[in-house]
Amino acid sequence: MYLDQIKTELLEAQDVLQKFIADENNIKLIQQAALLISDSFKQGGKVLSCGNGGSHCDAMHFAEELTGRYRENRPGYPAIAISDVSHLSCVSNDFGYDYVFSRYVEAVGKPGDVLFGLSTSGNSKNVLNAIQAAKQKDMKVIAMTGKDGGEMAGLADVEIRVPHFRYADRIQEIHIKVIHILMMLIEFEMAKDV
């Protein structure tokens with residue numbers, strides 16, 4: 001009944017992943033992002049993560065595996081997904097949804113911390129505002145984007161971009177794979193100093 005559609009979906013996902021892997025710069029950027037986060041942790045910093053919709057779920061997933069665990073038993077790492085419902089509803093109501101992440105960064109971000117912002121289009125105004133707030137706090141910024149990077153292109157210290165122009169879910173599939181690789185590399189890097 002749907003066997004052809006299922007196979008087509010899987011093959012398209014495979015194609016997007018193969019194209020991402022074929023660009024050696026993507027591999028280097030993933031390593032750079034993992035080292036940037038690890039260096040922040042080693043200096044007493046933390047990661048704040050944010051995104052909208054599925055990217056919000058990815059931001060929460062990333063923070064959860066830092067504070068909890070990925071594959072190895074180890075100390076928790078300091079990470080916060082900007083996902084507190086009372087904060088989001090307060091700022092949305094009082095200032096507007098464009099400021100839900102930047103207000104949080106302004107409140108708790110410190111020099112040497114890392115903002116991990118996700119936007120498949122690269123145009124999410126609230127993530128862009130968070131990047132600006134992070135820069136003002138002398139934080140490092142890692143952006144995970146898609147398509148042509150949108151307005152976020154060139155704003156981050158490290159931008160990992162999935163140049164897929166059709167559906168956001170394909171971009172998110174690569175984002176979650178990259179998040180899992182980042183977790184693995186961060187655990188490797190942090191274990192060096194134990």
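Using the three backbone atoms N, Cα and C, a Cβ is placed for every residue, glycine included.
A quick note: this is a predicted structure, and the numbers were derived from the prediction, not measured.
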Per Swiss-Prot, H61, E65, Q172 bind Zn(2+); matching candidate in H87, H180: H180
Mean of the pLDDT scores, which run from 0 to 100, over the domain 'SIS' (37-194): 96
Cβ atoms near N93 (substrate binding site) (within 10 Å, other residues, all chains): 9
Span of N52, G53, G54, E65, N93, D94, S119, T120, S121, S124, Q172 around substrate - largest C-alpha separation, Å: 32
